[in-house]
């Protein structure tokens with residue numbers, strides 16, 4: 001029967017039926033007739049809805065596929081086939097928007113023309129018997145019942161068949177075909193006899209007769225009757241299953257399951273060593289922007305034109321000098337590189353027409369900074385086979401680094417609001433179905449909470465830089481192209497604004513493989529004095545390049561302006577993911593949605609509005625040494641977004657490993673909090689796997705510190 005179902009029905013229908021059976025704890029390998037019945041019912045529901053639309057006059061029309069009018073509003077909302085939570089969300093939404101009475105049981109469809117829920121029945125017995133069972137179960141005059149049989153009979157409430165004759169004939173023909181195909185394979189008799197009556201749990205607890213026989217048939221292997229199986233389940237040891245598996249393994253496997261108690265776990269050991277350093281591809285909280293409002297200059301939108309216009313807004317340039325050298329680099333080369341950028345920008349301004357792109361002269365300082373001719377010569381492996389001591393060159397173990405406070409400050413800053421709007425999500429047309437209406441409402445509420453967030457600025461900055469760098473890497477492979485670091489936003493008043501953070505100079509970029517590296521030098525403006533946290537800026541050479549006048553409450557004050565310069569590198573695959581940083585918005589929105597869904601299923605109505613508009617309610621944000629931190633729903637949105645953005649900015653193998661391994665420990669701790677009496681073996685091995693990922697990455701070290709705070713408060 002299972003093979004027949006998979007051949008006979010559309011794969012999407014089969015997948016939905018599998019999910020439904022899994023949701024109710026039923027095994028499709030055993031209950032094959034049930035599997036076939038669910039697929040049949042799903043197909044009838046879909047056929048009932050197919051091709052039926054409502055036109056602008058509110059009339060029901062039938063439109064065949066590939067018709068340009070197929071964008072009309074669907075007449076039927078399909079509820080059957082969705083998971084229970086989503087199905088109830090749709091039903092609640094329909095009731096809220098149409099005023100329909102909420103049904104006691106999940107119906108199959110909603111008819112927008114007749115404004116009523118529909119229960120579809122497909123029976124192998126007499127239609128009138130099945131109709132009465134359905135009506136008796138539903139006990140509601142507001143749900144319309146429509147029953148089909150495999151013999152071509154049908155029955156509907158008040159003989160109102162809803163659909164036209166031709167649409168119903170299609171359904172009957174399909175059911176008759178299914179019956180014939182089953183009969184040809186000798187499956188029909190078993191299928192016909194296996195139909196159960198419509199019973200509800202409230203009405204009947206005792207299992208007798210056919211149901212009892214079916215229960216006995218549906219047991220796992222090696223159980224003769226339901227009582228034996230019940231006795232086994234009642235005496236089931238939670239961890240016995242693992243011990244049973246271990247006993248079947250090699251005698252060398254010696255794993256004793258230890259109970260996991262509140263006193264069992266220890267904190268994760270963070271490494272000692274010098275403080276960790278900033279390793280993001282661009283400055284975050286320390287970045288400074290030179291901005292122009294309402295840009296309307298010639299060539300507006302061309303990065304080089306925008307950059308020159310932004311540079312002209314600053315008048316405090318001075319002779320640059322080094323204030324914080326890079327310990328291992330030739331710092332004079334970094335200084336000369338910045339002077340070269342200024343000189344070549346000045347040359348452009350003196351030209352009659354500004355070019356769209358600027359390729360830098362290949363000076364000795366840029367060749368050094370971009371690693372030109374520094375890569376070891378590649379030799380074909382076939383030419384080396386005879387060399388007896390051929391080996392990969394030795395590489396040093398990475399130096400262990402300790403957690404530093406700057407990374408927590410960076411994260412806190414990313415969660416804050418700025419005075420600019422960084423995203424405007426395009427409208428995607430008018431909502432037709434209730435689920436689209438809910439989705440749009442959630443998206444709009446979420447956007448309002450995060451559009452001013454600094455993490456959103458980092459997204460747009462990252463998208464721009466990675467897109468520009470990948471384009472230049474492909475279009476000007478041999479050139480040292482100058483790439484302005486630009487972002488665009490709107491002020492609170494709605495005025496457009498173009499911002500310049502600094503410049504990138506790209507090295508040679510013959511990128512054949514996804515992991516081939518392109519070197520670049522970044523030069524970024526900042527007001528942060530690097531001497532305050534020199535360990536953070538280990539990889540940078542910092543110049544003082546000017547003085548900026550800042551307005552404050554006490555009047556104007558002058559602050560030194562710095563330029564953070566470093567050599568860096570990236571690859572095609574990293575730039576590809578950097579270009580897609582907007583995904584962070586989607587990920588954090590989905591996390592918020594799951595919180596709303598949980599609340600909605602408890603209250604049995606969509607709670608989106610209450611969720612975002614109840615300003616007095618606080619939500620857990622995360623763990624700190626002081627305990628569970630709470631905040632408004634907006635703060636939760638921004639914190640989740642910042643976490644997602646930092647996962648992208650600080651992506652690394654260390655983060656992948658720590659996330660995967662610490663999750664295992666987290667699940668055990670959560671099981672303990674839920675009083676599930678978890679057992680573990682080789683807990684020391686798990687700690688080892690977690691701690692080998694804690695090397696020098698600031699974001700991983702911060703996450704490990706947060707995890708320790710969670711352990712402390714979770715196990716009190």
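Quick reminder: no glycine exception, Cβ is built from N, Cα and C everywhere.
The annotation Mn(2+) 1 binding site is assigned in Swiss-Prot to 41, 108, 119, 120. Counting Cβ atoms from all protein chains shown, residue 120 (Mn(2+) 1 binding site) has 21 others lying within 10 Å of its own Cβ.
The feature Mn(2+) 2 binding site is assigned by Swiss-Prot to 80, 108, with sequence analysis given as support. The Cβ neighbour count for residue 80 (Mn(2+) 2 binding site), using a 10 Å radius and every protein chain shown, is 22.
Marked as motif 'Nuclear localization signal 1 (NLS1)' by Swiss-Prot on the basis of similarity to another entry: 124-139.
Annotation comment: Swiss-Prot describes 184-247 as motif 'Nuclear localization signal 2 (NLS2)'.
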Discussion item. To the nearest Å, how far is the Cα of residue 41 (Mn(2+) 1 binding site) from the Cα of residue 80 (Mn(2+) 2 binding site)?
Written reply: 9
Worksheet item: Near residue 108 (Mn(2+) 1 binding site), which residues of its chain come within a Cβ-Cβ distance under 8 Å, counting only those 6 or more away in sequence?
Response: 41, 45, 78, 79, 80, 118, 119, 120
Worksheet entry | Remaining residues near the recorded Mn(2+) 1 site, that is with C-beta within 8 Å of the centroid of the site residues 41, 108, 119, 120 | 44, 45, 80, 107, 109, 118, 121, 122, 146
Worksheet item: When you measure from the Cβ of residue 41 (Mn(2+) 1 binding site), how many other Cβ atoms are you left with inside 10 Å?
Response: 20
Discussion item. Going by DSSP assignments with H, G and I as helix and E and B as strand, what are the residue counts for the motif 'Nuclear localization signal 1 (NLS1)' (124-139)?
Written reply: 12 helix, 0 strand, 4 coil
Worksheet item: What three-state secondary structure does DSSP assign to residue 41 (Mn(2+) 1 binding site)?
Response: helix
